[in-house]
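S.K.: Got a structure for you, questions after.
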Amino acid sequence: MGSQHELPADRSYSKPLGIRFLEYIKKAKLSYESHQAIVLIVTFFAYASYHATRKTTSIVKSALDPQSSDLGLKFPWRITYLSAPAESKGLSWVLGDGWAPFNGSDGTALLGQLDVAFLSVYALGMYFSGHMGDRMNLRIFLTVGMVGTGLFTSLFGAGYWAKIHSFYYYLIVQMIAGLFQSTGWPSVVAVVGKWFGKKKRGLIMGIWNAHTSVGNITGSLIASALLSYGWGWSFVVPGLLIAFMGLVVFFFLPVSPESVGAYREEDEVDSLRKSEEEEGVTEPLLGSNTELKEKAVGFIEAWKIPGVAPFAFCLFFAKLVAYTFLYWLPYYISHTAIEGKYLSNEAAGNLSTFFDIGGVLGGILAGHISDRLDARAITAATFMYCAIPALYFYRSYGHVSVVMNVALMFICGMFVNGPYALITTAVSADLGTHSSLKGSSKALATVTAIIDGTGSVGAAIGPLLTGYISAESWSAVFTMLMGAALVAGLLLTRLVVAEVAARISESRSQGGSQTGSEAPELDV
């Protein structure tokens, strides 16, 4: 069990009320490992709830727009009714007749516009959220984001009972929900990054990143189960769920070791060494005095950290591929004959979960391999290159049989989501504690936001382009996806070359006393 020590009396720190309650029940301080377990569990379910609310829209689309034949996205924004048109008022409450204004001939286009608006605001908000997250208490910041997400997700569903048929109501609600959603990822990665050092960060975060798929699957199941009671419930229940998880975060999440006075044995050694050098004053590795002296890294400075820009632009193309699958895979499956037969929307939705399951394995493998090789760029680039033939084979042979479709879809999910998971977790945490920051942890949320925010721009563009291109040819869509995967891998070329050179240099010096040693790594 890792050791810990008390902060000196003149240091101030505050524990979440839930942690104090657990220590009161236990009648002893929680160990460092216990705090780590709490962090992993709380952040796992917190971000799973974010994805559960995000997934509901794609499930409810079939209820809002059951029979639209318009597959493309149209601009400018459509001017729609402030109330339901006369011919649809009597039908809108029936599940099979859709909901105005989405049950018209351009219903799919309107729903696509909601997706683009949500993802665009989400991507833009990510940059601001990272900047704010490094300057605020992450526990409070995350709580506000989750409760706000729950509120506006529920307000979207409230349109069902309020009989709201204005497109702009749903558009504005989705945009504000996207803004609150952007608080999640920079915050949870920053918290986990502060509790786990680099040594096993890839594997730990690879497993932890399964929350994305768990949230997607949970959101799908909840939304689907509640559709028969009225589509509004499919939004309200996930909204209440994430608001509840926001309260759990507020009461139980320790945002950093110093915030709860828990330290590892190596931190104590560092503190003792520093005390000998600084007039006998014991200083923790990232003590509160140090934290006060630290200046949060600026947005432009964060971009200049070595590796941030290449990984950010790599994620742009990786997320373009991943989110195209997220938003269009069920539709593609239901409109592609498998063994000469077309699957129902429900069957296609269930089948599409194998992409997420493959993504879980891909994230774990990418994290473990990158830990073993100590080569994040090599691992991410290799996965992206492997995604190219996987996408080709899925498009060419996925129609042969259901088993073939599932197998190839699983492989696509593994290679597409593997680097996506690695870059948004372990890589972001690594770069947020880069050696150039000289021990500061005040760049974690900013770096995470830059990388995932840039990726989210690609996430918005991919589904948008697919809406246009798919109306002409799905083969063209897959060509676009393969091209994006190729560019994603090529963007990491310089970093791959550097890592290969480091591995060669390391192998040549294996006989020396400093075999395999590299620049000192900072555990946070």
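Including glycine, each Cβ sits where the backbone N, Cα and C put it.
As annotated in TrEMBL:
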{"type": "DOMAIN", "residues": "41-501", "note": "domain 'Major facilitator superfamily (MFS) profile'"}
{"type": "TRANSMEM", "residues": "109-128", "note": "transmembrane segment"}
{"type": "TRANSMEM", "residues": "140-161", "note": "transmembrane segment"}
{"type": "TRANSMEM", "residues": "167-191", "note": "transmembrane segment"}
{"type": "TRANSMEM", "residues": "203-227", "note": "transmembrane segment"}
{"type": "TRANSMEM", "residues": "233-255", "note": "transmembrane segment"}
{"type": "TRANSMEM", "residues": "308-329", "note": "transmembrane segment"}
{"type": "TRANSMEM", "residues": "349-370", "note": "transmembrane segment"}
{"type": "TRANSMEM", "residues": "377-394", "note": "transmembrane segment"}
{"type": "TRANSMEM", "residues": "406-431", "note": "transmembrane segment"}
{"type": "TRANSMEM", "residues": "443-465", "note": "transmembrane segment"}
{"type": "TRANSMEM", "residues": "477-497", "note": "transmembrane segment"}
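Mind mapping these onto the model and telling me what they sit next to?
M.R.: If you look at the transmembrane segment (109-128), the same-chain residues 6 or more away from its ends with a CB under 8 A from one of its CBs are 57, 61, 64-65, 70, 72-75, 77-78, 80, 101-102, 167, 170-171, 174-179, 181-183, 185-186, 299, 323, 327, 449-450, 452-454, 456-457, 459-460, 463-464, 467.
Taking Cβ pairs closer than 8 Å, the transmembrane segment (203-227) reaches residues 40, 43-45, 47-56, 59-60, 63, 95, 192, 196, 233-235, 237-238, 241, 326, 346, 349, 353, 356-357, 359-360, 363-368, 371, 417, 421-422, 424-426, 429 in its own chain, all 6 or more past its ends.
Same-chain residues lying 6+ beyond the ends of the transmembrane segment (233-255) with a Cβ under 8 Å from its Cβ atoms: 15-19, 35, 38-39, 42-43, 45-46, 49-50, 52-53, 56, 59-60, 63, 137-140, 142-147, 149-154, 156-158, 160, 191, 194, 219, 222-224, 226-227, 262.
For the transmembrane segment (308-329), the list of distant contacts is 58, 115, 119, 216, 302, 352, 355, 359, 377, 380-381, 384, 387, 391, 409, 412-413, 416-417, 419-420, 423-424, 427-428, 431, 447, 450-452, 454-463, 466, 470, 477, 481, 484-485, 487-489, 491-492, 494-495: same-chain residues at least six beyond its ends, Cβ to Cβ under 8 Å.
Non-local neighbours of the transmembrane segment (477-497) in the same chain are 307, 310-311, 313-318, 320-321, 324, 328, 377-378, 380-382, 384-385, 387-388, 391-392, 394-395, 416, 419, 458, 462, 465-466, 469-470; each lies 6+ residues outside the stretch with a CB under 8 Å from one of its CB atoms.
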S.K.: For the transmembrane segment (406-431), I need the partner stretch with the highest count of C-beta pairs below 8 angstroms, choosing only from 140-161, 167-191, 349-370, 377-394, 443-465.
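M.R.: Most contacts with the transmembrane segment (406-431): 349-370.
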S.K.: List, by number or range, the same-chain residues at least 6 past the transmembrane segment (377-394) whose CB is under 8 A from its CB atoms?
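M.R.: Hits for the transmembrane segment (377-394): 307, 310-311, 314, 318, 321, 362, 366, 369-370, 405, 408-409, 411-412, 414-416, 418-419, 422-423, 427, 478, 481-482, 485-486, 488-489, 492-493, 495-496, 498-500.
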